[in-house]
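Below you'll find the structure, written out as structure tokens, and then a few comments.
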């Protein structure tokens, strides 16, 4: 009996559209994160939040994301990508509306935790689909697009947050949360056209459905022919087996430590510039939008011109090195100066480029039947790091001031050192990888 949610829609679809709808989950994630940064400017005085409460409300979605990713990964590998692909964006849509109706801090916390579950579930789902639909020559660039579209969500959320902050009054935070439902509804409607991945169907022994799904992908964007052996090994047995556990451990640790230092700085950028550098609320939001635009521009440039040429390890080492240097300088600047703003900007832009190697790392090294499970472990690690960093930053900033960024510097240094233990990564053929796993 066919698994629910994998029914083949006869309408043709291009790889370009599939990529757009897979990366749309990253857009919603980024939008949700930065809209919270804008909403905090109003939520803190509205509910008289202490720094600890502010940290919990901001960080709790990351905990939900970690749990959502871990739960969804094995389900996505066992029952198919498409079912979760539709369910998670449905939950996001409903919860975005409910967030705007929140009456107190506990309600905000609970709803943001649940919306985190939905976002977390989408990460192993969308990244696995991207890897399995993408041609080998484009897989690195296309899978890392998740991060760029995530940053594009930052840009749009920043603009929306700024407009609502200026026009909607004290209740603007409600409209900020509800605004996320609009792109979610559009994505939900359009995702219904995306088929199950032919590679997953073939790995599940459903070759006829795989062939039908493959025929739906039309034009020059069509993926290469698939030829994957069916595997009977369990997902966790594969992921924690000798062949793959070291790889999963590395990209999980990489993502955890990067997020521990990077996520809180992204989330609290507007707040930091309001409280530390004394920008007005609107100026802080505009600066955040400008930073987000830089993230997108440099990410696209690096993904399509550097990633495949330099390799994953080299890109990680260079971007981490720039981030470490910038964070170190920032940590030792005692007074707010133009130099501080410039160096902070360079460091935080570089920190976002360190994310790019993670996405191809987390999917191209695992076989089809365990890809989402392994990726979910990496995503969960990253979100645990983001949860801890975001939870602690308001308190650390209140206690230690601007030198809190020295904490970030030490974190990035740890990731940089980890890179020395990783051999140069190469583009892998997913069909050969699946066959290798089957015979291991």
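Quick reminder: no glycine exception, Cβ is built from N, Cα and C everywhere.
Record features, source TrEMBL:
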- 18-440: domain 'Major facilitator superfamily (MFS) profile' (DOMAIN)
- 18-44: transmembrane segment (TRANSMEM)
- 56-76: transmembrane segment (TRANSMEM)
- 83-101: transmembrane segment (TRANSMEM)
- 113-133: transmembrane segment (TRANSMEM)
- 145-165: transmembrane segment (TRANSMEM)
- 171-190: transmembrane segment (TRANSMEM)
- 248-273: transmembrane segment (TRANSMEM)
- 285-307: transmembrane segment (TRANSMEM)
- 314-333: transmembrane segment (TRANSMEM)
- 339-363: transmembrane segment (TRANSMEM)
- 384-407: transmembrane segment (TRANSMEM)
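Through the fold, the transmembrane segment (113-133) approaches residues 15, 18-19, 22-23, 25-26, 28-29, 32, 60-73, 76-77, 81, 84-85, 87-89, 91-92, 95-96, 99, 139, 142-143, 145-146, 194, 197-200, 217, 223, 359-360, 362-364, 368, 371-373, 375-376, 379-380, 383, 430 of its own chain, all at least 6 residues removed from its boundaries and within a Cβ separation under 8 Å. Contact check: the transmembrane segment (18-44) against the transmembrane segment (339-363) gives fewer than three Cβ pairs closer than 8 Å, residues 6 or more apart, which falls short of the contact criterion.
No contact links the transmembrane segment (171-190) to the transmembrane segment (248-273), because fewer than 3 Cβ pairs that are 6 or more residues apart lie under 8 A.
Counting C-beta pairs under 8 angstroms (sequence separation of 6 or more), the transmembrane segment (83-101) fails to reach the transmembrane segment (145-165), with fewer than 3 such pairs. Within the same chain, residues 34, 37-38, 41, 140-141, 144-145, 147-148, 151-152, 154-155, 158-159, 161-162, 165, 269-270, 273, 279, 315, 345, 348-349, 352-353, 356-357, 360 sit at least 6 positions outside the transmembrane segment (285-307) and bring their C-beta atoms closer than 8 Å to a C-beta of that stretch.
Only pairs six or more apart in sequence are counted, and the transmembrane segment (145-165) with the transmembrane segment (314-333) gives fewer than three Cβ pairs under 8 Å, not enough to call it a contact. Long-range contacts of the transmembrane segment (339-363) within the same chain, counting only residues at least 6 positions beyond its ends with a Cβ under 8 Å from a Cβ of the stretch, are 127-128, 130-131, 139-140, 143-144, 146-147, 151, 247, 250-251, 254-255, 258, 261-262, 265-266, 269, 277, 291, 294-295, 298-299, 302-303, 307, 312-313, 315-316, 319-320, 322-323, 325-327, 329-330, 333, 371, 374-375, 378-379, 382, 405, 412, 415, 425.
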